[in-house]
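**Q** One structure follows; several queries about it will come next.
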Amino acid sequence: MNLTKMAVFAASLFCLACKNDIDTELEKKSIPESEIQKSEEKLPNEEELTPTDPDEETNKEETVTANATYDFTGNTPPPAPQGMKWVKISQLSDEFNNGFNTDKWTKSLWNYGVPVQMKAENSGVSDGKLWIKATLGNDPERWFETSRVMSKAQVNYPMYTVSRIKGAHISAYNTFWLNNGNISNRNEIDVIENNSNPSCNCQPDFPWQMNSQYFHVVNDDTKRNKGNFDNRELSDANPLKGVAWNEEYHTFGVWWKDATHIQFYLDGEPAGSVVSARDFTRELNIIWDLWTVDADWLGGLAKKEHLSNNNINTMKIDWIHTYQLVEE
């Protein structure tokens, strides 16, 4: 074995050891089943209760530029800072080609407000896709049957996660978010809360608007700001520019850079950002869910007749890739 091959072999062993160390630490941090439901709760009407603070800083350090090169598939993480590299976290990455991996994911079924009813059977994996389906139930109050999938492992900054998602075409939030805590004390990053088919006739931009934000709550004192981005503002070369959330799969990502800086991504491009008014202090779980409420800020209540249409009532997740930023 010559010196070059020996160097490459040694580097490979180092990378493998680094990856294994990250996954081992995540396994240690995975929360037990008994604590999952207690770890996250939020009101369904928080948008009304916690308006954006106009005084909070917005991070403008990353914007789409005409001469930049982007991977529109979303498969490539953002360029790592000098002296750093991205290492994939297997516990928080999945192609969903081998069924529902119960070592990585759990169905966390606490309810939002009416009409939502979380049910285990309304989510699963088939044909290489994780899916969450909204169906019509018989309960007169909780008739919107749906589900939620959450990671067992937790993660902290600096990290990047990206998921390829096609939204259900009903008036509901198709979500991809990170959270840890309860209504009174929590850290939360909402990568998307997307609704391609608002029923209220009051959210004309929603089919293309990426609703992204953070919540930082301490003893019921809420700090919040949004970094919403419209996919019609993607670069002209991006084939997904102006394509509604239900029409094609899009990739949605977030680079959680440090205790305050959060950069969102859409189809490989920077897509809005926020700077938290308080330091994030918690390790977060990754979550997908699908839910509705009778409120204009969500886009209006889902129509019952849409829940019986299997062509539009299902959110589909093709894959998720999550990375930790480490020193080279």
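Positions of Cβ are set from backbone N, Cα and C atoms, glycine also.
Sharing the feature lines straight out of Swiss-Prot:
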type     : residues                                         : note
SIGNAL   : 1-17                                             : signal peptide
COMPBIAS : 26-45                                            : compositional bias 'Basic and acidic residues'
REGION   : 26-61                                            : region 'Disordered'
COMPBIAS : 46-59                                            : compositional bias 'Acidic residues'
DOMAIN   : 70-328                                           : domain 'GH16'
BINDING  : Trp110, 119-129, 133-135, Glu188, Glu193, Arg224 : substrate binding site
ACT_SITE : Glu188                                           : active site, nucleophile
ACT_SITE : Glu193                                           : active site, proton donor
**Q** Restricting to the same chain and to sequence separations of six or more, state which residues have a Cβ under 8 Å from that of Gly124 (substrate binding site).
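**A** Counting only residues 6 or more apart in sequence, the Cβ neighbours of Gly124 (substrate binding site) under 8 Å are Phe100, Leu130, Trp131.
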**Q** Sort Lys133 (substrate binding site) into helix, strand or coil using the DSSP assignment.
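**A** Where Lys133 (substrate binding site) sits, the three-state DSSP reduction gives strand.
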**Q** How long is the line from the C-alpha of the residue listed as 'active site, proton donor' to the C-alpha of Lys133 (substrate binding site), rounded to the nearest angstrom?
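**A** Given the Cα positions, the residue listed as 'active site, proton donor' is 16 Å from Lys133 (substrate binding site).
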**Q** Per 10 Å Cβ neighbour count, which of the binding-site residues Glu121, Glu188 ranks highest?
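**A** Of the binding-site residues Glu121, Glu188, the most buried by Cβ count within 10 Å is Glu188.
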**Q** Where does the residue listed as 'active site, proton donor' sit in DSSP terms: helix, strand, or coil?
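**A** Note: the residue listed as 'active site, proton donor' is in a strand by DSSP.
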**Q** When a 10 Å sphere is centred on the Cβ of Lys133 (substrate binding site), how many other Cβ atoms does it contain?
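**A** Around the Cβ of Lys133 (substrate binding site), 20 other Cβ atoms lie within 10 Å.
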**Q** Identify which of the recorded positions Trp110, Asp127, Glu193 has its Cβ surrounded by the largest number of other Cβ atoms within 10 Å, counting every protein chain shown.
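**A** The residue with the most neighbouring Cβ atoms within 10 Å is Glu193.
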